[in-house]
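Residues or ranges marked as domain 'Carbohydrate kinase FGGY N-terminal' in TrEMBL: 5-249. As annotated by TrEMBL, site 'Important for activity' applies to ASP9. What TrEMBL lists as substrate binding site is GLN72, HIS73. Residues or ranges marked as active site, proton acceptor by TrEMBL: ASP242. Under the heading domain 'Carbohydrate kinase FGGY C-terminal', TrEMBL lists 258-439.
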Amino acid sequence: MAILVAGIDSSTQSCKVVIRDSETGALVRSGSAKHPEGTEVDPEAWWDAFLQAVEAAGGLGDVAAASVGGQQHGLVALDSSGRVIRNALLWNDTRSAEAADQLIQEHGGTAEGKANWARMTGSVPVASFTATKLRWLAEAEPENAARVAAVALPHDWLTWKISGAARLEDLTTDRSDASGTSYYDTAAGQYRYELLAQALHISEEAAREIVLPRVLGPNESAGTGDPARGWGHLVLGPGAGDNAAAALGLGMSTGDVAISIGTSGVVSAVSPEPIQDPSGTVNGFADASGEFLPLAVTLNGSRILDGVCRMLGVDHDQLAELALAAEPGANGLTLIPYLEGERTPNLPFATGSFIGLSLASMNPQDVARSAVEGLLCLLADGLSAMTSLGVPVNSIQLIGGAARNAAVQQLAPAIFEREILVPEPDEYVANGAARQAAWVLSGAEAPPAWAASSTTRFSAEPTRFVRDRYAERQMLFAERP
Ligand SMILES: Nc1ncnc2c1ncn2[C@@H]1O[C@H](COP(=O)(O)OP(=O)(O)O)[C@@H](O)[C@H]1O
Ligand SMILES: O=C(CO)[C@@H](O)[C@H](O)COP(=O)(O)O
């Protein structure tokens, strides 16, 4: 009788659940449910979507273990009774951009401040990070800030809810998600309460009264499921940030790079050593296997194409067809895709722009092409930042919803100027969480060796002029509006 494990991906736009054979990794069942739109969400909506996705996946009654992969950084502020104080501000909410600047300035000004943050935590704070949201809360909603008794991340809170726990002290997390808070020293593997205190404008003594989730080891159990829901048999894994879970799902090791195009655009790699980038372009996070996961993240990802689909009145496949019917360079048209502001580069209040519009390029094909090329150029800058830090790049795998797009698959090698691999479209974050759950069950040194997905190789002639023109035009927006 197969022993089954569940992997959950509670991401920005939806909750996905996969049930897999713990030994072989074979998929047995799956389910999903949408999340509400917006950059702040009531965590109860994640809980409702989780319950719907579990039901769609046939329930957890015959499942031995489960782990939660989640969107990173979201601020789940809890009062002393464990109630959520206000909607969670998500990773893509930019209202704490000024707060991020303040935190940097408070450590010696722009250049020195960034270098100090990279040294203290592994990353330079941007609006996405939890500590900046706490600073915003302290200044914009002091009455709410005063009620904060615990701070959890989306995956921590969901794991806590699944366990049926009520004590704040039962909150747990893992090093990969903790490393995205800006109050955790990723290299040393410990919280920095003085940074939590700084964010909230309180003393370190007061900050130490705030419960932060216990950081579990890569295959350390977070406890068991809620008996009241019939989940008392369910062993819970530590969970992970979504990108660390994806790396586990892909079986990534040093030299492997994943480029995920979901709501966020993420260029991630595995490193045996912590990475600290004082420029802030690359975040020095931890992974879910015990190593490190440097990554560059864009605020704009798949929704660049979603938006242009709406503009043209086409679906994803028609967009791909149009884009592939155009010439490289889209007849001189460039889309600078800062549609929701942008995180990398750190331009939280920027907007998108079409540049080089002419009568020749005012047609669906060139508009579609400029969207795909703009998305890929945005991601290529993150890839260049990783290589400039000496992160080895031996292979690139394209995952996430937009990696299913034929134009993205065919144009990526031309913009990245190297072959790319596209694994079978799958839920790699949820798969990684399931693999982690199997690892917790086994107690082995390493996670189970599940069969890798089949991949398709894509190569193309480099189109360096497209990236060069993008870089030139991007400079028009280099300063903050
Ligand atoms: N064939 C496709 N072409 C382009 N975008 C796609 C395609 N299929 C799905 N998407 C987009 O991918 C996104 C969902 O991807 P996913 O990785 O699940 O996102 P997230 O993990 O951020 O919730 C949505 O924006 C969806 O519109
Ligand atoms: O902010 C980050 C990582 O730093 C994002 O990767 C979020 O974790 C959201 O992930 P998706 O919903 O796009 O998967």
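The backbone N, Cα and C atoms fix where each Cβ goes, glycine too.
Features per TrEMBL, on structure.
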| residue | record | contacts (Cβ under 8 Å, 6+ apart) |
| --- | --- | --- |
| ASP9 | site 'Important for activity' | CYS15, LYS16, VAL17, GLY69, GLY70, ASP242, ALA245, GLU427, VAL429, ALA430, ALA433 |
| GLN72 | substrate binding site | TRP91, SER128, LEU153, PRO154, ASP177, GLY180, GLY241, ASP242, ASN243 |
| HIS73 | substrate binding site | LEU90, TRP91, SER128, PHE129, THR130, LYS133, LEU153, GLY180, THR181 |
Would you mind pulling the DSSP three-state label for ASP242 (active site, proton acceptor)?
helix
Which recorded positions from the set GLN72, HIS73, ASP242 come near ligand 1, judged by a Cβ under 6 Å from any of its atoms?
none
Given the recorded positions ASP9, GLN72, ASP242, return the subset with CB under 6 A from an atom of ligand 2, ordered by sequence, or none if empty.
GLN72, ASP242
Using DSSP reduced to three states, classify ASP9 (site 'Important for activity') as helix, strand or coil.
strand
